[in-house]
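The block underneath contains the structure these notes are about, expressed in structure tokens.
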Amino acid sequence: MSTNKKTIVWFRRDLRIEDNPALAAAAHEGSVFPVFIWCPEEEGQFYPGRASRWWMKQSLAHLRQSLKALGSELTLIKTHSTVSAILDCVRATGATKVVFNHLYDPVSLVRDHTVKEKLVERGISVQSYNGDLCMSPGRYTVKRANLLLVLILTGKKCLDMSVESVVLPPPWRLMPLSAAETVWACSVEELGLENEAEKPSNALLTRAWSPGWSNADKILNEFIEKQLIDYAKNSKKVVGNSTSLLSPYLHFGEISVRRVFQCARMKQIIWARDKNGEGEESADLFLRGIGLRDYSRIICFNFPFTHEQSLLSHLRFFPWDADVDKFKAWRQGRTGYPLVDAGMRELWATGWMHNRIRVIVSSFAVKFLLLPWKWGMKYFWDTLLDADLECDIIGWQYISGSLPDGHELDRLDNPAIQGAKYDPEGEYIRQWLPELARLPTEWIHHPWDAPLTVLKASGVELGTNYAKPIVVIDTARELLTKAISRTREAQIMIGACGDEM
């Protein structure tokens with residue numbers, strides 16, 4: 001410990017003590033005042049959904065216990081103004097410095113700029129760190145014209161990065177910084193992250209998930225040692241242990257992406273040495289996923305409007321169909337397409353979906369129903385346990401053809417064919433659509449083609465206990481083609497001659 005500075009550590013989505021650059025720097029320099037500030041009003045339209053708030057509540061309780069074991073105390077504050085709360089903490093503690101780790105979503109970018117500005121005005125030192133990415137967004141010069149190049153570079157960087165020990169160990173001990181004046185702190189319960197009506201539903205989450213940074217470490221080790229080797233093979237399955245389940249831990253910063261990268265990269269090197277092709281392929285695929293996460297932050301950092309506008313300018317003229325009844329049917333899993341409906345019902349029940357299913361249901365909303373992609377993005381934000389604004393923005397823009405490297409806008413994937421590919425035995429369908437459980441596998445992904453005798457024997461009555469298709473595939477393709485033509489016509493009419501540079 002080189003000095004005895006008084007430092008406030010502002011926790012946000014970095015709820016861990018291991019590999020936390022802001023906490024490590026503050027602990028090295030002197031006494032520490034850890035604080036988490038909850039300001040619902042500032043979240044605006046991106047106020048976290050029920051499942052996400054439940055996770056945050058559990059994670060904060062876990063972090064509080066960990067900091068207490070190190071001799072410190074996490075101060076929790078609920079406020080109408082983050083800036084005011086931080087300034088109150090500075091006055092109460094006599095702190096001369098505030099540190100935190102970067103966030104890259106549109107809400108945080110604006111808030112962080114304001115906080116830094118107000119603190120500097122008052123002569124308070126401010127330092128922010130990269131605690132969320134393998135690579136800093138500032139490493140790339142990003143324009144709309146080179147988005148694909150940036151994606152390729154981030155993916156390649158994650159495959160080629162050295163495996164040096166960049167993970168910071170937890171502090172052995174923290175020197176607490178006491179507040180001379182009263183700070184209006186509260187308990188985890190008083191933050192209001194969970195109301196009484198939500199608790200019965202959240203009890204189901206408790207059975208399936210264990211939030212907290214030390215639990216994240218266990219999940220990572222389990223995945224790396226037992227499941228990573230089959231990751232590529234299992235990526236085409238939507239049932240069983242086919243994903244890492246790390247995304248909520250990464251979103252809340254309970255484990256650092258550098259730690260995840262380091263573990264996977266070490267396995268990749270070992271498998272390459274041993275000429276284990278299956279393992280190498282799996283590690284490569286997983287590391288490219290880490291690169292995609294970095295890419296989402298790089299794009300949001302350079303184009304903070306992406307939660308509201310398409311990155312490709314001509315798609316701003318696409319004639320989306322703002323049909324609330326279709327949107328409701330999609331949300332409730334009543335589209336008549338089993339794989340889509342199973343995914344949406346799983347989402348509502350658990351706050352979770354396999355990434356492959358996320359792509360399928362979002363593509364259906366955008367391409368089959370022509371629903372505004374921003375509607376789907378917002379619904380994912382409201383319901384996903386691991387709702388991550390940067391990843392969701394890029395995911396929905398990708399599906400809607402709004403990225404240079406995204407799905408072609410005219411690409412229409414048949415959910416029945418995808419069902420046969422990713423759920424060949426119909427296990428996933430039967431789990432989430434019990435009304436179709438008795439239907440033979442031959443028909444389970446396209447019950448509208450099944451003979452009436454088969455439907456009757458299986459207890460299925462289309463239009464009664466299971467929906468008829470909300471739109472016929474040929475009709476959906478025709479409507480999509482017309483919408484694309486109208487987009488091009490509108491672009492020509494107003495003189496939009498291509499991408500903005």
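Here the Cβ of each residue, glycine as well, is placed from N, Cα and C on the backbone.
Site annotation for FAD in Swiss-Prot covers Thr243, Ser244, Leu245, Leu246, Ser247, Asp386, Asp388, and the matching candidate from Tyr231, Tyr379, Tyr398 is Tyr231.
For the pair Ser247 (FAD binding site) and Arg356 (ATP binding site), the C-alpha distance works out to 14 angstrom. Taking Cβ-Cβ distances under 8 Å and a sequence separation of 6 or more, the neighbours of Asp386 (FAD binding site) in its chain are Ser52, Ser247, Pro248, Leu250, His251, Gly351, Trp352. Comparing C-alpha positions, Arg356 (ATP binding site) sits nearest to Thr243 among the binding-site residues Tyr231, Thr243, Ser244, Leu245, Asp388. Largest Cα-to-Cα span within the FAD-binding set Tyr231, Thr243, Ser244, Leu245, Leu246, Ser247, Asp386, Asp388: 22 Å. Tyr231 (FAD binding site) falls within a helix when secondary structure is assigned with DSSP. Annotation for Ser244 (FAD binding site): same-chain Cβ neighbours under 8 Å, separated by at least 6 residues, are Ile219, Leu220, Phe223, Gln227, Leu228, Tyr231, Phe286.
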